[in-house]
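Everything on this sheet refers to the single structure shown next.
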Amino acid sequence: MGNPENIEDAYVAVIRPKNAASLNSREYRAKSYEILLHEVPIEGQKKKRKKVLLETKLQGNSEITQGISDYVVETTEPISPANQGIRGKRVVLMKTFPLEGEKVGREAALFIVPSVVKDNTKYTYTPGCPIFYCLQDIMRVCSESSTHFATLTARMLIALDKWLDERHTQSHFIPALFRPSPLERIKTNVINPAYATESGQAENSLHMGYSALEIKSKMLALEKADTCIYNPLFGSDLQYTNRVDKVVINPYFGLGAPDYSKIQIPKQEQWQRSRSSVTEDKERQWVDDFPLHRSACEGDSELLNRLLNERFSVNQLDSDHWAPIHYACWYGKVEATRILLEKGKCNPNLLNGQLSSPLHFAAGGGHAEIVQILLNHPEIDRHITDQQGRSPLNICEENKQNNWEEAAKLLKEAINKPYEKVRIYRMDGSYRSVELKHGNNTTVQQIMEGMRLSQETQQYFTIWICSENLSLQLKPYHKPLQHVRDWPEILAELTNLDPQRETPQLFLRRDVRLPLEVEKKIEDPLAILILFDEARYNLLKGFYTAPDAKLITLASLLLQIVYGNYESKKHKQGFLNEENLKSIVPITKLKSKAPHWTNRILHEYKNLSTSEGVSKEMHHLQRMFLQNCWEIPTYGAAFFTGQIFTKASPSNHKVIPVYVGVNIKGLHLLNMETKALLISLKYGCFMWQLGDADSCFQIHSMENKMSFIVHTKQAGLVVKLLVKLNGQLMPMERNS
């Protein structure tokens, strides 16, 4: 616990699991827990509030764990039924934290108090009293710079989240953490003479003594045993001996080490019985390890619904590499299949270890109703084939099981039905609807072929999946619709964003790997238009940081492209109002500089319109715009989000949210709020290293010997892209 003399403040994290099943999981999920937090007003801001952990002072002359336990009970009495308070299982010291400011040199301790599993008990809301919050919701918005939390509370919550993640990997730790305390287990044992009927019961109210029949009835009520068997010999004077069916003596015992050259493998009939017993053990183990698979196999809808509510995964493969939906389709369990697809959101094209799909199993078994359910699913791949290249129709006609004629008819009719479509947007807001011939199995490569672009143009672009604050380039073999389905999980893995506010869409965008030397040779007007739309979008959003003169030139080119040639009567001084400036000037310059640029923009616009040496054809103007953008350091970059820490004073650090841009030129950091370019490093002039758990990466500039660390969940993606793009460059390009 460190030096107790330095510890005054005790912070308490009261946590409870939402369900008992999560305690046995080796995978940590923050959404499986709730945490007790206070809300207090922010100083000087009456309406705004921040969340803090429970806090108390440690009394040097008292027993610490008992004091904290009593404090939790006292604090939670107003919100609990009958003012009983919340009595934790135990008090565990997690970590100590150094204090800052006036309390430098002292420490605060974070104690964890595990509570009972969440039940239907209604806790009343009382102003000024703590309430339970979902831990996942808290961690999504928790950072040391967040105004929603006290700084020390934020640090402690982040440490708690990491601590729980680590402890879930340790066998039996989490169940032991939430196990009733030894004193509670003794008091609630019915054979204890001082049996407590309720937890927290006062010692003077304990019932003293039970008869054997009363103990039996209590045990039946508490343990819910199917049968209760008395030992008839217990307490009697009868003599008894152990009865055995057979005694086998090892004839080789005591004869020394055997001659292994003479050992023979027994015949198969001699070990057949032993092998069958092993099979039985495996079957019993399968039932215990995969309850969702068993309920799907048996068509137990009630159990299936309950397990899905407890967040059992529909994608988990068992020891035979089958998912629950494979069993439901194999055994013809119609309702189980429907529940897994609708409630469990199971992928209808999920493959087992032998690359067979649910549709293969349903068709092979002649389960026409399940075939119909699968074919009606918008993401189904009607043309899916197994490891031997067989379609569901081939399997159906080979096996001829049950109602196979109806199943075959449905499969044949489905081939000619119109396909579902997906919208692929461009950066100007337009889109093309592309047929999904393989449902959610349709790959990026297949979608690109459906975009009706020439083979040459296709190589410059690819599909991106983007929401408001996260954009990812997909690879040719990726399946975009499955990424759309999994977007909440992807967001949770790579960001702290709220998935409810991030709606993913698919975009046709420039391939970040496209070399500038190749782009400069592009002549196709459609390719130039798509590149122009994306460059214009990034310019207006402030991602292209450049000198004022460059931004004014780009603005004049946009005026020529949008409004045509300059007309003195039409394009007067007042023409460039705030609304028109929005379409030609970066948002970061709109209020600070744009009003002072209007004369210079109009002047360049006029010169451009009257210049005879400049072609006024649209794709030539768009190419001129791109030529000016090529000189900007961040052109063509993929942007990630992160944080860097700078020293605001000797005692504390300032957190700066940043965009991390990676392109064919190098790495660039932009201030997230102002879009100011903080640093720009070319390949060959800096080194990088991925941090622990892919949570950060370190950059070292070889020119000015400067090093800094960027903290981001996207660190792994950033480093992979740096390695990829740096590897594309020739040594001469890297050093130029």
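Including glycine, each Cβ sits where the backbone N, Cα and C put it.
Ranges compared are 430-452, 499-521, 568-590, and Swiss-Prot records region 'Interaction with RAP1B' for 430-452. Residues 172-195 are the range that Swiss-Prot records as region 'Interaction with ITGB1BP1', among 172-195, 244-267, 700-723. Sequence-distant contacts of the repeat 'ANK 1' (287-316) (same chain, six or more residues past either end, CB-CB distance under 8 Å): 19, 21-22, 29, 31-32, 322-325, 327-328, 331, 333-336, 339-340, 343-347, 350.
Long-range contacts of the repeat 'ANK 3' (354-384) within its own chain (CB-CB distance under 8 A, at least 6 residues past either end) are made by residues 321, 325-326, 328-332, 334, 337-338, 341, 347-348, 390-393, 395-396, 398-404, 406-408, 410-411, 414-415, 420, 436-442, 481, 485. The list of residues near the region 'Interaction with RAP1B' (430-452) in space but at least 6 beyond its ends in sequence, with Cβ under 8 angstroms from a Cβ of it, reads 347-349, 377-384, 419-424, 458, 461-463, 474-482, 485, 506, 508. Assigned with DSSP, the residues of the region 'Interaction with RAP1B' (430-452) fall into helix, strand and coil as follows: 9 helix, 5 strand, 9 coil. DSSP states for the repeat 'ANK 2' (320-350), grouped as helix (H, G, I), strand (E, B) and coil, give 16 helix, 0 strand, 15 coil. Residue counts for the repeat 'ANK 1' (287-316) under DSSP, split into helix (H, G, I), strand (E, B) and coil, are 20 helix, 0 strand, 10 coil.
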